[in-house]
Every structure is written in structure tokens, then in C-alpha cells.
Amino acid sequence: MAKQDPKDKNSDSPNLSIPINNNNNENLDNDQELLNNNNNNNNNNNNNNNNNNNNNNNNNNNNNLISSSRKHKDEESNYDSDDEKSVYQIAKEHEGEDDGDDEYFPIPLDELMPNHENDELTKKIKQTRPEDKTGLYVYCRNATYTVKHRENKKVKIKLIDDISFYLKPKEMTLILGTPGCGKSTIFQMLAGQLKDKHFKGELLFNGHPINHKNHHRDISYVTQDDIHVPTLTVKETFRFALDCLGRKELTNEEKKETVDNCMNLLGLKESENTVVGDNFVRGISGGQKKRVTIGVGVIKGSNLLLMDEPTSGLDSSTSFEILSDVKKFVTYGYSPALITLLQPSVQLTSLFDNLMILNKGRICYFGPMNKALGYFKKLGFACPSHNNPAEFFQEVVDAPERYSFIHPPKCKTSKDFVRAYRESEFYKDLMEKMDANKDGIVDDNKPKVLVDSTAKELGMYPHGIGYQTKICMKRGFTMIRRNYYNFLTRVAKGIFFGLLLGTLYWRIGHNQSGGMERFGLLFFIMVTIIFSSFAAVNSFFGERKVFYSQKALYYYKTGAYFISSIICDIPAGILEVAFFGPIVYWLANLRPVFIRFVYFMLLLIMTDNLSLSFAKMCAAISPTIEIANVIASVILSIWLLFSGFTAPKNDIGGWWIWLYYISPYTWIFQGLSINEFTYQEYGCKTSELIPPRTPQNLLPYPEGFGGNQVCQFTSGEQIMDAFGITNPNYFKWVVFGILSAYIVFFYVVCFFALKYFNFEDKKSKLAVKKLKKKKKVKTTKQDEESAAISSEALERIDDDNDDDADYETEIKKKKSHKKQKEDTVIDVKSPSSLTTGSPYYNINNNNNNLSGSGNNIKKRKVKTPSNLSPSVNSPITINSPMPTSPSNNNNNNNSNEKSKNGKDIGSETGSYLQFKKLCYAVDVKVDDPDNPKKKKSQRLQLLTDIDGYVKPGQMLALMGPSGAGKSTLLDVLAQRKTGGHITGEILINGKPPSEFTNRIRAYVEQMDVLPPTQTVREAIAFSARCRLPPEVTKEERESYVDKIVEVLSLSSIKDLKIGVLGDGLSVSQRKRVNIGVELASNPEILFLDEPTSGLDSGDAFKVIDVVNKIAKVMNRTVICTVHQPSAAIFEFFDQLLLLKQGGETIYFGPLGNQSSVILDYCDKLGMHIKPHINPADFVMTLADQGKMVEGPNGEQVPLDAKKAYFESDICKKEYEIMEGQLIPDDFVIKTYDSRFASSWMTQFRALCMRSWLSRLRRPAIFVSNCIRSILLAVLLGTLFVRMDYEQKDARSRVSLLFFSFLFAGMVAIGNIPTTVLERGVFYREVTAGFYHSTAYMTSYVLTSYPFTLSTGILYIIPTFWIAGLDSGRHSSKFWYCLFIFIITYVMYDAFGLCLAVCLPNEVMASTICGIGLSLSTLFGGFVIARPNYPSAYYWCHYLDWLRYPLEASCTNEFTGLTFVCTNNKGAVPIPIIENGVQIAIKYYCPITNGDDFMLTYGFHKFMRYIDIAAIFGYIFIFVGLSFWGFKKIRWFNR
């Protein structure tokens, strides 16, 4: 049974209306010719009744009437006019008329802030305000700031262009404008952050030029980024800001009071002891972080307040609370304020005294807020009564046709608006005031005495470097105390490695093997300390962003922060050494002399500081953490290689000996060795005497040695000499001086890098790598000093709204396109009859039925928008027979018709979604009242008995205050929850969801997780390839993708890489791409989680306009959570589900035309909306706790919103619909028999192509790995160049192979960051049903092999031949060695992949990887030969994956080799003694047979092929764990 749609309108309903827009933002090629109303404005008044009647008739004819409050996005208008009056002539004609001031805007301050003059905050401000405070008078005249284009230095870009304005105390000025308009540049100019050489014009503060030395002390600059120390509490964050920026005279009690007042003001008192938090540390909410950002900006007090988007991410009530308090600060604290906002409500806008509208660096209006509407009305632009004036101000310059009641509009481009403003009375008045007050004080009541910062000669900082260092140290130790787990980790690691090394080298003897093992132990002790401090690279990057932010705001000098950072880092190193050093020292039986033990401990502490300083230097000089790790790892490897252990000094060629001397680890190793070996005697066990007692050696001299044996090394000095260490004992103290010089050098470089570099700024720039062929990128403005083409530039390319393009030329270009059939006639009302002041058009598909057209109205052809009409040439369209209509005006009569052109993917209908008694709860830990020390589990109810439905073609808005459960409900409906307790019923087309439901639904998440290396079109095409069924041909699929790109207005950027946030597409573009990716699956139901969050009104409108097209044009079911929607956006929705705190329904039903249904409902409850109030904001007040409404007798009574709704007629009607037959009898329900639309092989091919391109488009990673391989190959090859068959060459061959495998381990660490980044994309896509997880994993692994293998090949081939390794017969040894290296690189790549997949984050994966590589080095068989391992550690040796490639390559190399001692070089002299008399000296050559030499390491020739099997075994284990991790592990919960 069909039910009456609550949105059906009667004959008394207002006309369905839409403002027409010639918006170049939508490149839809839809040249339309509108009626010229120059002669018909008066006639339209007489036709209103006819229009109303026709409007009603059309509603009853299944939406034959195209009526959309936002149809201007789909149509572009073309105006023909002979009237070429200039803008100022039009203004002159209106001079005698009413000024157009609106009695409802701005809202009076007394109404917004009752009793604001006498509340507690105002009193406190007045009491604490210094008596002599006057604030800053800002005088800016003809200011222009020009920079050179980053790529083309000859091109100069004006970021601001000849702007003039003034600011004075006690007034707030609002800046509005689209991204790239110049807002940030003005803020930087007033904050003194721009370079004078690029600035032209006059800028005065209190009549004086800017003094860069101390100007910042007069201002408070609140940035839009919430950058704070995550481990500090809210109170500590405020106190630190006040300590740094506050006046020196403030006492401790005054500071406490100031901090408390600030927290109370911002509503943060209850959270004062909660840490701020970040992505890894749980803390306060995002809205609270924004309040903290505002608080630290204003806490010092200032004479000028600059705030850049301070309410971004906050709900409307919180935003108003904060800015109303700012208003009090400004009014009663005598500080002027300049503030920019994204989507301000009418209440927020009314708080401001003045308005500045910017567009592309030029002022389009500057004047009183209460005169702004009248100014634009005189120009022919009117703000509809139901619209927020702030939206009107933001959009009128970019979309003048939308608001013009004079056609064609005389201001068509921003240049026209600038010209109109320059010709207006406002500009003339401004110039007169500035001419009359050239002293820079534009005020009728000038103060007698003004603050002069230049005269006071204030310092740059309020406090000296000593005090700054003190408070930075205090903060640093607080951070350390909060990060106690880092201390515990280092302590645990120290104890673990101390016990490991101590027991592994348990009680080493002072014999020959003990002497060699001590060298290995000392080397590994050094390496352990070095790698422990190396984690500072990652941690320092986390701190660096906060430092850059606070340095820019002049919290402290770089030196103060730097000194405190060094001091605060010392305890952690000392603590680790305090546990690690004694354990390993005494267990391993190192020299039991107290002074040597003290030296050992001091040198380890010095080593820790050296490594820490080196790691910080690498982090400070590197733009990204990846580059820092590459630089640090390469240098570290080279320094360790030349430290004297792997390659002793005597074995290093003269061309590389300089690396031995500049390596700081050389001197650490020498210091440890000298301390351990000097003045120590060594002996031999019987088995260590040389030559061994073999029959050959027992023969009498000269055939043998006559049984004579010697102990090769009898003193520590002899052992050191074998390693090239010849310095005396006192030199170990010189080592401290050498290391101190290194530490100072590293810290000095780090200090200057921090002082003069700011890599975070450079990250925000984006160089456009590729545009569509033949697409010319025009020079754009940006609010960045470097003027690189940034995401703002991409916005302008995307918008294609070039100010310099001639308006009429564009119209002519559009006319030249192929004409399409005449299908629409437009009836234009007279502007005088419009209560809203905006042009309204009735668009009727029946050309023969023109309501009230009259004889003066011309019929014109209107081209059908390309995105609304079926394509003649394409077999697939995304179009529907129903036109785009405003949701609130739509009758929602859906059609399942198919395109006549064939398979019409986009015309398939949506699904009916219904939910009944839906509840959701989670288990949380709370304090146990019976035992305060324990926690108990308690169930927290987040959603309670939620009912509702959505039909195809409808848009349902989920709204409510923060914490009401909007996103929770969306996740439950989309079945994205991974935990919690869900009860109730969800029905899709009358049936419960199944495992195949992913085929018909799509979820656009709030965080736009997209593959960064794909282009826009590739991302959408990939989704289509994986998620469309095989019945769709390639041509059809490609056509479908092209249509999506067109509808989403992504054509101009479709060939650009997506990138990452801040270094790629803008937020708005990423949002539309995300929608396109989900739309490519041809879903029947589309879920969107806050798609407008973080966008300005223009971008938010674009996104929701696209969603509206999806719902109406494609007849889809759309459910969307929205946060602070504008009136224009709110109009798009058909239904509203409003939740209150606790997740309970307080309204579910239709919105109606211009929100008439819900506003009527509110009116019946005693809530009456005033003009210019956003209906969305007004409706949200239903959810206010303790809401008071007007009772029957005019009295104020409390409102129970939930009870009122369930007793209302709307509720009864909605439940009748839900309980009745919601789904029509003729509705066709699709059925599926597979979870995935495409086959495994199709998914695999698509994934292989994407993964391959992704790796190719990250050339920096691959090229850096290749360069590193080549450099290390040349370095190691020439270090061991053309090895011969002498004694030292035998050891050198083993060292070369061992170190080569260590370098292979770098592949594992280097791939972790990329894999973790890709993992987020995988989680989103596999949850959405893109593909099988096995298809992804297989493609990811296989496509990595060419890059991994090429890295290994580029290393081993040059190394092998330069070093002169044995190639064997027919180069068989070379090919075997190459094969071993290839599979070893694959094994390490699989190891890194396994850790990146199975561990929660990059930091932990890198840490575990480093520990794993360290342990593999220790047990691999080189540092300690297998025969020398304690029996308890044999299992570690056999489990070590490094053992097998090392054994395989070494046995391959040494098989069949014979070594000699030419000229007794390397031989051991054996005195021949007979009858107690030495008769001769005979030399013994220790290493003669390669196979025997391998046995000393425990390596066996017969194991070579078993080793290959073991390597493959590890590859399968790591890859298998990776498959399991991808399939089973999800490091996030919903």
C-alpha cells in the first residue's frame, strides 16, 4: 500500500526554486541559455500564483518539474544582455534606495550574550587588565607581497595584492574566503613572519613600523594546527606556555590563577590532569585539543589577537562559547582581533564588528558587518532569508549567479568585485580615514598614550636563556616521567643483553681463544649501546614538530631547548648502562680491576652520548624519517666496518685508511681494547699450542717441528697488535677527548639545523608531477612563502575558475559545443517578489507549459548537462531518468528504468534499509567502589532502541551533539563494528544482511585512506575492476569510470597522484576521490561518515552536492553523518535522524522543502526560528540538555525532546510506514552467490599492476637502495680488493661475506615504513570487499621481488669481482654465491614484511627488526664460532637465519682453496729446540686448507644444500606469518 509522502506539497506551498549558477567549478559542458529578465522583473510578480499552481501540479506528476535548490551545480547559465552598465553605475542607481541593512543580521550582542557586561569573566578581565593597556592599532595600506614561483623563478606571484585595512582595539574582524585567497599570508604579515624584501606597502603598529625583534610579544597567534606535547597534561601545557610567554613580573600564584582562569574559560577544568595525547597516546578529544590550542595562544595576554580557524572540528555550541569569551577579551581587554573561520554560523558571525572578504589576494569587501548585506544588495546580490549570511559572503564572489537578481550579474569575476569595492563608498571612506590618520591611529577617540614596542627596546623573549632552559628541563623530565615505559624498556633491554652476553661469554679465560672472544665481546658491547641510542632518530622526529611550532611562536631560544634536550637524555643512557655494564662485565670475567671497570662504564656512557648526538644530527638534517634512517644506517655501517674488528687496521688498504681514522667507533673500540688487554698475560690450552701435534709436525727438524710448540700470544699487547692497535695504555684517556670532539661536532650541526631549517613547512608544499596532457596549469596564488604549487593550487586547477579568463570568452567557448535537444524552459521571478532576495527558477520539462511566461519572456534552448543525460555513444551511464532535485523538494518517486543504450549500471536502483530497536553497548573498565585499586567491567550503552528507514533516492542525515552516537550508529548499520554488543534488527530489502551484503553497500570513511601513489582515475578504475562483475566489459567499465570522474568534478586532476595528506591532493579532493572509489562498486547503499569535516563551506557544498547527485541521479540509498551542516547542505537531505546524548532518538522524519516540516514541528514545541538562523543549528538545539521552550501561555517550560517526538504525528506516520509495506511489490531484489564480484585471478592481476606501479612511483626508496648497494659494493670490494691466498685473506673472505649479509638486513628495515603505510589501505579495502586477502598478499610479495633482487644483484656482482672471490670452475662458485645472496635478500624482505604486518606500528616493527638482526649477528657463527658456543646456546645458533647463508657462502668460497704464507707473512715462528738449545726457527703457516679452516667455524661442506633448504624454510615461515597477519590481524577496533 502506497503511503503519502510527508514531503508532498499542497497548492499553498512555496514555489520549488533554485538559484542558477554559472559556476566554473563544475566543468560539465552544459551550455544553457536562460531567459533574459532585464525586461521582465516586474512581470514575474504578477505570475507568482501561476507559478505556485504549476509547481503543485508538477509535484503530482512524478517530478516532471526539476526543482533543486542546488541545481546550479548541474547547469551553467548563459546570459545575453545589451545592458553594459558598470557596477558603480548600478550602485549609483540604488543610492536613493534603502541601504538594505537586515534587521535580523547581525544578531544584537545583548541577545547573543545576555548580561555580558557583568558576568564573572568580564569582571575578571577588567580586574586583570593593566591600566595603561591600549591595544594595538594596525594600519595597513597598499600592501603587496610577492614571491617567486618555486619551479619557474622568472614567474612572480602576488600572494596579497594592494590591500588596505585597519584594525583597532575592542573590535573583532572576520576574514572570509576560499582556500588560497591570502588569509594565511595576512596573518603571517601581521605576525612579522614575512620577509621585508618581498613586501611593498605601509604597515604600522601603533604608528610605528614593525620591529621584528620583539613584535611577537605584542600579539597572540593561534594557528589551526593542534601541535602539543602528547604526554603533558592540559594544565602542564598551559603552564609551560605561560612560563615561556608570560611577563617576567608574574608571581607563581598569579600564574596558577591565570592557568585556572583560562581552563575554566575554555571548559577544560575537568580535564586539567588528562594528558593531551596523540595518535599513539590516548588523551583528550579532538575538540578539547582545539581548545588547548586556543588557550596556549591567548594565555599570555596580548595587544593583538590573530586566530586562524580556531573552531575547526568543534560543534556549533562549543564554537560559540569559545568565541563569545574571545569577544569579551577583545571588548574589555582592549585587544583587536583578526579571525578566520571555515563554516561560521550566523551567531558566530554576529559576534564580529567588521568583515573582510578576500579572493585571490585581493579585498572584495572591508567594512562593518552590519552593512555588508546592504552593500551586496546594491550590487544586485541578495542573501536568501533562510541562508546564513556567512555562507553568502563566502560564496557570492565565487558563484555570483547563485545570488544575483540582476541578469546577467555585473560582477562576474573576483576582479569585478574588487573593482566594485574600489568604487564604493566603503573604500572611499577607508581611504579618507587613512589619509586623515597617517600616523597609523584610525580612531575617532585616539588614546593619549600608546604602547610603542620599538621605544621600549624589549628583548626578543621575556625571559633569559637560563630560565628558558630551566623550564624546558622541567618539562623534559616530566615527559620522561610520563614515558616511564621507555625507561623500563631500556632497562629491560640492558638486563636482557647483559645476561645474554654475560652467559654467552661466561667466564672467558685468558688464553688464545679467550683473547679472540674478548675482542668479539667488546665489539658487540659497543654495538649494543650504539643501537640502543639509535632509536632517538624516531623519537626526535616526534619532538621536532612540536619544537618547530613553539620556536615559530617564540616560546624559547633554540639553545634553551637544545641544552635541556641534551641534559634530559642523559639519565636514560646512564640507567641502561648501569644495568647492562656491570652484568656483562663481571659475568664475562673482564678485567677485575676497579679503575678499569670505572673506565669501562664511563666509556659506555660516552658511547651512548655519541650515538645519541649522531642520531639527533641525522634527524635534524633530514626532511623525512625515511631519509634520516637511510643516512644514519649507511654511515653507521661504514663506521662499524672500519672500526678495526671486521677489518683490522693492517688489512685496510691505503686508499680507505682515512675511514678508519675518522670513524668514531674506531676510538671506542680501541679504548675498550686497551682497557681490557694492556698489562695482561695470556696463555694457551694444550689444544691451542702451535703447531698442533700431528704426525707431520712431530717429525724431526727440518721435515717437521720435532714436537716443538709455542703459545702464539702471551700478552694482551700482542693480541691488540694483531688487530692493528698499537697505542699505549694512557691513550685510552685520550679517547675521551676524541669522543668529546665528535659529540660537540654532532651537536653543533644539530643545533644549527634546528635553528635554521624547518622541514615541516616544506612538507606542506606539493610539486605537481603530472597533469592531463595538453592541460595548461595557470599561475596560482598560495598562502605559502615558497609559492610552490600546493594543494591550494590544485583546488584552483580543480575549480578551473581562473580570474583572468574573460567571462564572455568562456561563454562563447561553451556555445561552440555540439547542441543538444531542447528540454528545459525557465521561468524567472522578479527580484522584488523574492522574500529571500535570491533568484528562483521554475524548470519544467514540458516546453509547452510555461507558467506565467508572458509575452516578454523568451524561450531559450538549454543544453542538458552531460552528467544528467544518457550518453549516446557509451553503453554504460551512471544516469537515471530522474533529474537532480533538491532533496527537501523531492517527491522521491523512484524508477527502475534502464538506459535505452544497453546495460545501465548507474540506473540500477538502491536498496531499502530498515532498522528496528537497534542497540549497541561496549564493555568498559571503571573503578570498583568496593576496591579502589581494582577495575571492574561495566556495560556502557551507546545506542538505545533506534528505529528508522531509508528508501532508494533518499538521503538520510544522522545528526546529534558530540557523543550522541552518530558514527557509532553508522558503523552498526554498515556492519563495520569489530567489537561490542549489538541487538535489534537490520533489514536490507526486507532481509537480514548476509555475507554477500558488501556487494551492494559502500562506506566512505571520515579518514580518507587512499593509495598515495595511484592517480585519481587509477584509484577509481581499480575499485571498478575489482568490484564490478565479469559481465561488465572493459569498455563499459572504463566508460563508467569516466562518468564517475566527470560527476565528481575530478576531470582536471584525474592524472595527478593522490599523495598523502599535506603532500598531495587537498582534503576536498581526497574526499571526492574517496567517494568515487566507493561509487565505482555501483553500490545500492552508500554510507558516509562526516564527509564535510574539516572543509570550508565551498568545499563542503561540493562534496554534498556530489552525494546528492548519487542519491537522485543514480537513485541510490544514502546515509550520512554530518557535523555543523550549512543551510545549503542541510537542504540536500530528505530525512533526519537526530540523536541526543546517550544515543536516543529525538526526531526521525522528513525535513520538507526548506526544512519546513521539521521547523513546523519545532514551532509546535514552542521553538521559533528567526531569519538567517541555520535550520541545522536550530534543530540541533533540540538535543540541548535542559532546553527551555515557550509554553501555551508564553511561559518558559522544560522540553523533553524524546517524549515530545514519540507523541507527535510525525512519529506515528513514520512508524506506520515502517510497519506497513515499505518495499513496493514490483521491486526487484538482487541475489548474489559470491562475496566478491570479480574472480581471484582478476583481483590478483589488478593488484599486481597497482603494486608494481606503486613501487615504480616511489623511486626515492628504490633508487636510494640501489645507490646504497652500489656504494657499499664499491666500498667493500675495494676494501678487500683482489684478495690473494695469504693468511689475512682467509679471514678477510669470511669478514666480507659476513658483512655483506648484514647489509642485506637493511632491506628488511627499509621496507617496513612503506609496508605499514600500505597496510592501512589494505585494511580499508579488504573490509569493503575489494578482494581476497590472499590475492593482495600474493601480489604484494611477488611484485617486491624484482626490486629486492635488483638491490641484491647490484651489490653482490661488483663486490664479488672487485674483491676477487673465487669463481670456481666455469664460474660455478659465482653462480652459487649469487643464488645464495638472492634468496637471502628475499628472506630478509619476507622478515621485514612479517614484522610490518604482525606488529601494531612502524616504531615497534623497526625496533623488533633491529633486535632480531642484532641477535642474528651474535649467533650467526662469525662473532663466536660454533665450537666456542656454550652448549646451552647451540639451539640459538641453529635457529639463527643468518647462520645458513653464511655457512653456504663460506663453504662455497673455501672449498678447494689453498692458503700460503709468502715470505712467512702471517706465519708463526716456532723455535726449534734440541737438548735445551735453540738450533733454528721454523715458520708454521696456520691456514693452508680452506675446508679445514671452515671447520674452525663449525661450517661443513656437505651442509651447503641443506642450508638452501633452511633458507627457503625461513622464507616460507615469514611469508606464511605475513599471510596469516594480513588475514587475521587488525590493529584497530571500531
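A Cβ is built for glycine as well, from the same backbone N, Cα and C atoms used for every other residue.
Look at Swiss-Prot and you will find GLY960, PRO961, SER962, GLY963, ALA964, GLY965, LYS966, SER967 tagged as ATP 2 binding site. Cβ-based neighbour count (10 Å, all protein chains) for ALA964 (ATP 2 binding site) stands at 23.
Annotation comment: Swiss-Prot describes 21-65 (among others) as compositional bias 'Low complexity'.
Residues or ranges marked as compositional bias 'Acidic residues' in Swiss-Prot: 797-808.
Among the features that Swiss-Prot reports, compositional bias 'Low complexity' is placed at 842-856 (among others).
Per Swiss-Prot, the feature compositional bias 'Low complexity' maps to 874-896 (among others).
Taken from Swiss-Prot, the feature domain 'ABC transporter 1' applies to 138-385, supported by sequence analysis.
According to Swiss-Prot, the feature domain 'ABC transmembrane type-2 1' maps to 481-757.
The domain 'ABC transporter 2' annotation in Swiss-Prot covers 924-1166 and rests on sequence analysis.
Taken from Swiss-Prot, the feature region 'Disordered' applies to 1-85 (among others).
Swiss-Prot lists 781-907 (among others) with the feature region 'Disordered'.
What Swiss-Prot lists as transmembrane segment is 486-506 (among others), and the listing cites sequence analysis.
Among the features that Swiss-Prot reports, transmembrane segment is placed at 521-541 (among others), with the record citing sequence analysis.
According to Swiss-Prot, the transmembrane segment annotation covers 566-586 (among others). Within its own chain, the transmembrane segment (566-586) is flanked in space by residues 473, 476-477, 479-480, 486-487, 490-491, 493-495, 497-499, 501-502, 505, 521, 525, 528-529, 532-533, 536, 592, 597, 600-601, 604-605, 608-609, 612, 747, which lie at least six positions past its ends and keep a Cβ under 8 Å from the stretch.
Beyond the transmembrane segment (592-612), the same-chain residues lying 6 or more positions past its ends with a Cβ under 8 Å from any Cβ of the stretch are 525-526, 529-530, 532-534, 536, 569-570, 573-574, 576-578, 580-582, 585-586, 664, 668, 671-672, 675-676, 732, 735-736, 739-740, 742-743, 746. Sequence annotations record features per position, and here Swiss-Prot assigns transmembrane segment to 592-612 (among others) based on sequence analysis.
Here the transmembrane segment (625-645) has long-range neighbours at 519-520, 523, 526-527, 530, 534, 537-538, 541, 614-615, 618-619, 652, 656, 659-660, 663-666, 668-670, 723-725, 1260-1261, 1264, 1268, 1271-1272, 1275-1276, 1279, 1299, 1302-1303, 1306, 1309-1310, 1313, meaning same-chain residues at least 6 beyond its ends whose C-beta is under 8 angstroms from one of its own. Here Swiss-Prot flags 625-645 (among others) as transmembrane segment.
Under the heading transmembrane segment, Swiss-Prot lists 652-672 (among others).
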### Query
For the transmembrane segment (1404-1424), which partner among 486-506, 521-541, 1296-1316, 1345-1365 gives the most CB pairs under 8 Å?
1296-1316
## Note on the structure
Least crowded of the binding-site residues SER962, SER967, counting other Cβ atoms within 10 Å of each Cβ, is SER962
## Note on the structure
Across every protein chain in view, the count of C-beta atoms other than its own within 10 A of the C-beta of PRO961 (ATP 2 binding site) is 19
### Query
Cβ within 8 Å of the ATP 2 site's Cβ centroid: which residues qualify beyond GLY960, PRO961, SER962, GLY963, ALA964, GLY965, LYS966, SER967?
THR968, LEU1139, GLN1141, GLY1143
### Message
Below 8 angstroms Cβ to Cβ, which residues of this chain, lying six or more residues outside the transmembrane segment (1506-1526), approach it?
### Response
1322, 1326, 1333-1334, 1336-1337, 1341, 1379-1380, 1383-1384, 1386-1387, 1390-1391, 1393-1394, 1397-1398, 1441, 1444-1445, 1447-1448
### Query
Of these binding-site residues, GLY960, GLY963, which scores lowest on Cβ atoms within 10 Å?
GLY963
## Note on the structure
Cβ proximity for LYS966 (ATP 2 binding site), under 8 A, sequence spacing 6+, ordered by residue number, returns LEU958, MET959, GLY960, GLU1090, THR1121, LEU1139
### Query
Which of the three DSSP states, helix, strand or coil, fits LYS966 (ATP 2 binding site)?
helix
### Summary
Near the transmembrane segment (1296-1316) in space but 6 or more residues beyond its ends, with Cβ under 8 Å, are 625-626, 629-630, 633, 637, 641, 646, 1258, 1261, 1265, 1268-1269, 1272, 1276, 1280, 1283, 1344, 1348, 1351-1352, 1355-1356, 1359, 1363, 1365, 1381, 1384-1385, 1388-1389, 1391-1393, 1395-1397, 1401-1402, 1405-1406, 1409-1410, 1413, 1416-1417, 1420, 1422, 1442, 1445-1446, 1449-1450, 1453
### Query
With an 8 Å cut-off on Cβ pairs and a sequence gap of 6 or more, do the transmembrane segment (1261-1281) and the transmembrane segment (521-541) reach 3 or more such pairs?
no
### Task
Let me know how many other Cβ atoms fall within 10 Å of the Cβ of GLY965 (ATP 2 binding site).
24
## Note on the structure
Three-class DSSP assignment, PRO961 (ATP 2 binding site), comes back as coil
